[in-house]
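Heads up: the structure comes next, in structure tokens.
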Amino acid sequence: MRPPSPLPARWLCVLAGALAWALGPAGGQAARLQEECDYVQMIEVQHKQCLEEAQLENETIGCSKMWDNLTCWPATPRGQVVVLACPLIFKLFSSIQGRNVSRSCTDEGWTHLEPGPYPIACGLDDKAASLDEQQTMFYGSVKTGYTIGYGLSLATLLVATAILSLFRKLHCTRNYIHMHLFISFILRAAAVFIKDLALFDSGESDQCSEGSVGCKAAMVFFQYCVMANFFWLLVEGLYLYTLLAVSFFSERKYFWGYILIGWGVPSTFTMVWTIARIHFEDYGCWDTINSSLWWIIKGPILTSILVNFILFICIIRILLQKLRPPDIRKSDSSPYSRLARSTLLLIPLFGVHYIMFAFFPDNFKPEVKMVFELVVGSFQGFVVAILYCFLNGEVQAELRRKWRRWHLQGVLGWNPKYRHPSGGSNGATCSTQVSMLTRVSPGARRSSSFQAEVSLV
């Protein structure tokens, strides 16, 4: 009887890499990965050698040479027992060395591995196996969580982008920037799904192989979309701060600068990272983050998070000054409630929550960081779409106007030549919204535009 094939060597290496990533310090991850790949290459060489020797052997009475995905068992006469050392791959799993495994050659062929499967026979204890099972369940839950989050965000963002695009009364610089931010969230969600499809569903998560061009292209697209999303969050901060800090400025001129920052800067860093990976680390699917090349991607993102957080503090400070005119009574708490409300509205728009883990080491609370950045972060696009489109007073008024018009056309067959009270010029709605801050803020155009941001509900 031929024994069932054990776990393939590549999957053992993937498990070893996962354990090393979760338990080991960040500085030793590159060395562990190299050691893991050395074992994979050694096992592949042994596999090839075993098959070649098996083809050259003459037929013998007994059990022929066999490869069980980890060990090459020599041809053996019936009735004998072969004892071999545990594969070296288990050095990555267990500190217990010197263990052996054996098989017996019987009339029915090779017996099962003794004293048990490789993990038991070679010292992979129950604690390590239980830890791996818990981590597998945890990673599965995280993947399910961010899949739901990105799916929900993708649906709401597509609708929100369509609304801002189709209604001409909503066309203005502020909403154009919102649309680009929505598109960056859409691309990020799509990139996550494409990356998961390339890495997990196609089975290309092995870091020791060369990796397909399609898988690498998916990772390049993913890195670009993530960085572009962070830079469009930065653009939102820059735009709001400019409205408050600059007396007169050309929105059209600044808008093209925002386009360059939001889409151009990420493309530059992504191209540099791609060229560096091709020349220095062209292995696997380019999904490793344990080398100095990762800073080509991580550095600009951290910079954008830090700058946006500083802008957030400055805007809150200016907003507090605007909400506290000299004639207001100290006992009046309404300005502070408006400030708290405005602050909560700006947090998802600026991505302020990313500052919590941005500058901690990669091995600091990895599970908490993973849940916060992947699961919670996946719902950011959904929250932004709700706050800055569906709960926006301008959008709701325009939707009600369109609904009344469609209703009259459908029920009465009437096609009114409707003209908006604002005079019909594009963008008028964006700069004339009455906000909760109007009573204490100047009526200037740039101030009213900012008020529209912090008083959407």
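Using the three backbone atoms N, Cα and C, a Cβ is placed for every residue, glycine included.
Listed in Swiss-Prot for this protein:
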- 1-30: signal peptide (SIGNAL)
- 31-141: topological domain 'Extracellular' (TOPO_DOM)
- C37-C208: disulfide bond (DISULFID)
- C50-C72: disulfide bond (DISULFID)
- N58: N-linked glycosylation site (CARBOHYD)
- C63-C105: disulfide bond (DISULFID)
- N69: N-linked glycosylation site (CARBOHYD)
- C86-C122: disulfide bond (DISULFID)
- N100: N-linked glycosylation site (CARBOHYD)
- 142-166: transmembrane segment (TRANSMEM)
- 167-174: topological domain 'Cytoplasmic' (TOPO_DOM)
- 175-196: transmembrane segment (TRANSMEM)
- 197-216: topological domain 'Extracellular' (TOPO_DOM)
- C215-C285: disulfide bond (DISULFID)
- 217-241: transmembrane segment (TRANSMEM)
- 242-254: topological domain 'Cytoplasmic' (TOPO_DOM)
- 255-276: transmembrane segment (TRANSMEM)
- 277-291: topological domain 'Extracellular' (TOPO_DOM)
- N290: N-linked glycosylation site (CARBOHYD)
- 292-316: transmembrane segment (TRANSMEM)
- 317-338: topological domain 'Cytoplasmic' (TOPO_DOM)
- 339-359: transmembrane segment (TRANSMEM)
- 360-367: topological domain 'Extracellular' (TOPO_DOM)
- 368-391: transmembrane segment (TRANSMEM)
- 392-457: topological domain 'Cytoplasmic' (TOPO_DOM)
C50 (disulfide bond) versus recorded positions N58, C63, N69, N100, C105 - nearest by Cα: N69
Structural state census, the topological domain 'Extracellular' (277-291) (DSSP three-state): 4 helix, 0 strand, 11 coil
Cα-to-Cα gap, C285 (disulfide bond) vs N69 (N-linked glycosylation site), nearest whole Å: 23
Residues that sit under 8 angstroms from C72 (disulfide bond) by C-beta distance, when 6+ apart in the chain: Q46, H47, Q49, C50, E53, K65, M66
Among N58, N290, the most crowded of the glycosylation sites [Cβ within 10 Å]: N290
Positions whose Cβ lies under 8 angstroms from the transmembrane segment (175-196), at least six residues beyond its ends: 143, 146-147, 150-151, 153-154, 157-158, 160-161, 164-165, 218-219, 221-222, 224-226, 228-229, 231-233, 235-236, 239, 255, 258-259, 262-263, 287, 349, 378, 380-381, 384-385, 388-389, 430
Other CB atoms within 10 A, centred on C63 (disulfide bond): 24
Spatial neighbours of the transmembrane segment (142-166) far in sequence, C-beta under 8 Å, 6+ residues away: 175, 178-179, 182-183, 185-186, 188-190, 192-193, 196, 370-371, 374-382, 384-386, 388-390, 395, 399
For C122 (disulfide bond), the one of N58, C63, C105 that lies nearest, given that the recorded positions are compared by Cα: C105
